[in-house]
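What follows is a short report on a single structure.
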Amino acid sequence: MSTLLVLGGARSGKSRFAENWVAAQGTCFAYIATAQALDEEMAQRIERHRADRGDAWQTLEAPMDLAGSIADAGGNSDAILVDCLTLWLSNWILAEKHPPVSELVEAVIVCPRPIALVANEVGLGIVPDNALARRFRDEAGRLNQAVAAAVEQVVLMVAGLPVEVKN
Amino acid sequence: MSTLLVLGGARSGKSRFAENWVAAQGTCFAYIATAQALDEEMAQRIERHRADRGDAWQTLEAPMDLAGSIADAGGNSDAILVDCLTLWLSNWILAEKHPPVSELVEAVIVCPRPIALVANEVGLGIVPDNALARRFRDEAGRLNQAVAAAVEQVVLMVAGLPVEVKN
Amino acid sequence: MSTLLVLGGARSGKSRFAENWVAAQGTCFAYIATAQALDEEMAQRIERHRADRGDAWQTLEAPMDLAGSIADAGGNSDAILVDCLTLWLSNWILAEKHPPVSELVEAVIVCPRPIALVANEVGLGIVPDNALARRFRDEAGRLNQAVAAAVEQVVLMVAGLPVEVKN
């Protein structure tokens, strides 16, 4: 099945590009959100995004068990959007647990529907002072490599435009 | 008319690439600088750059009213260089005013001469601790997307070399 | 002779890509390491990497005199890997000396064997607060530009995959 990894920096148009790609694959879609509504403002923002996507999209929340949600979503939708892997990684690191990257990669590989995954590229700035930030960017880089190796197509978003990395 | 956005990181060769592109479009050029000479050292640096460009270049200072300067420059030169959008954004944010992005984009679209705009890509590092820095990189990302959507050509400079993003 | 610069962020697969490229050029290779074993942990890590590369690789340490090591290695091996330029730059800056960039570039140009050089791209995040970090990223940008101009091929690694910058 068709698989896409959308990489990019802050406000680079990653989510919109991935959403358009998924929306071109059928009529009903799963949106797997890794963000957690930790406060009222965040809850409102998540609700607003859900309303913006409209009725064709079913929203699943998967702050931790992403592989399980991908497996569930595969049976009920024409295509799947995971937004985003970097937040999922952050949730595991904050929980002080080892992120199950190979389980996630396996779920992507066996997914019976087209799937697009969004992730942040965070490794192209100066080395952070902070040890946790250094560890996070190392883990994010390894995660992006593992997923990029498993999918068919990778793009890097630059100012809202896709640069082809793997095709 | 021909329009180019040159994106890149620190010391990636953005300005030189944009300057060469503009200098290939005719014989007299407008250099629109968004930097402000806030101290003596900065004033000397700006003056040195002006001397380096030579007599074919007329320098306009536009720390805030960029759309107006682009409109003015269009009548008096063969091609225009704007260096840089990120500093212009920073000037608006420091003045605690909302940057007039759509007015700028409109000025680029209606500009009767070839125009190259330089901007920094600042969103590919780790999320900054500082709230103002986070807001700044979000706004810079949105600005880059708006301009990239309006121009004909976008390049990302990497180590002095252009990677084609839009053509 | 064939020359390659491999740029990329943290954990982007730079070293592995460069190592595979070098290993395809013959049967005995020089690995020029710019890292210094400043403590026991670092020494163990360097030793582990050396063991991983195997007997086909001879390791040279060149924290400062990189041009000299490249000249030496050229006579004794089929191909050379320099890992990495950014650490070499950092060693010079920490020693409060001016990095001999043009001497390095000259050594790369006259090298009689295929040579791959690894460097970090550190300029695509937000401007650092810290003056030394700002200076470092400016110098790293200039170094990358100087080497990129001298070599035949440049790639930017993104999530383990090469994006062609110069070919």
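For all residues, glycine too, the Cβ spot is worked out from N, Cα and C.
Per TrEMBL, active site, GMP-histidine intermediate is recorded for A:His49. The GTP binding site feature in TrEMBL is assigned to A:8-15, A:33-35, A:50-53, A:Glu61, A:Asp83.
For the recorded site, A:Arg11 (GTP binding site), the DSSP three-state label reads coil.
Cα separation, A:Arg11 (GTP binding site) to A:His49 (active site, GMP-histidine intermediate), rounded: 15 Å.
Sequence-distant contacts of A:Glu61 (GTP binding site), defined as residues of its own chain at least six apart whose C-beta falls under 8 angstroms from its C-beta, comprise A:Ile32, A:Ala33, A:Gln36.
In this structure, A:Thr34 (GTP binding site) belongs to neither helix nor strand by DSSP; it is coil. On its own chain, A:Lys14 (GTP binding site) has A:Val6, A:Leu7, A:Gly8, A:Cys84, A:Val118, A:Ala119, A:Asn120, A:Met157 as residues at least 6 apart in sequence with a Cβ closer than 8 Å to its own Cβ. A distance below 8 A between C-beta atoms marks A:Arg11 as the recorded positions from A:Arg11, A:Lys14, A:Thr34, A:His49, A:Ala51, A:Glu61 lying next to chain B. The Cβ of A:Thr34 (GTP binding site) has 21 other Cβ atoms within 10 Å, all protein chains considered. In this structure the alpha carbons, written CA, of A:His49 (active site, GMP-histidine intermediate) and A:Thr34 (GTP binding site) are 13 Å apart. The number of other Cβ atoms within 10 Å of the Cβ belonging to A:Arg11 (GTP binding site), over all protein chains shown, comes to 21. The Cβ of A:Ala51 (GTP binding site) has 9 other Cβ atoms within 10 Å, all protein chains considered.
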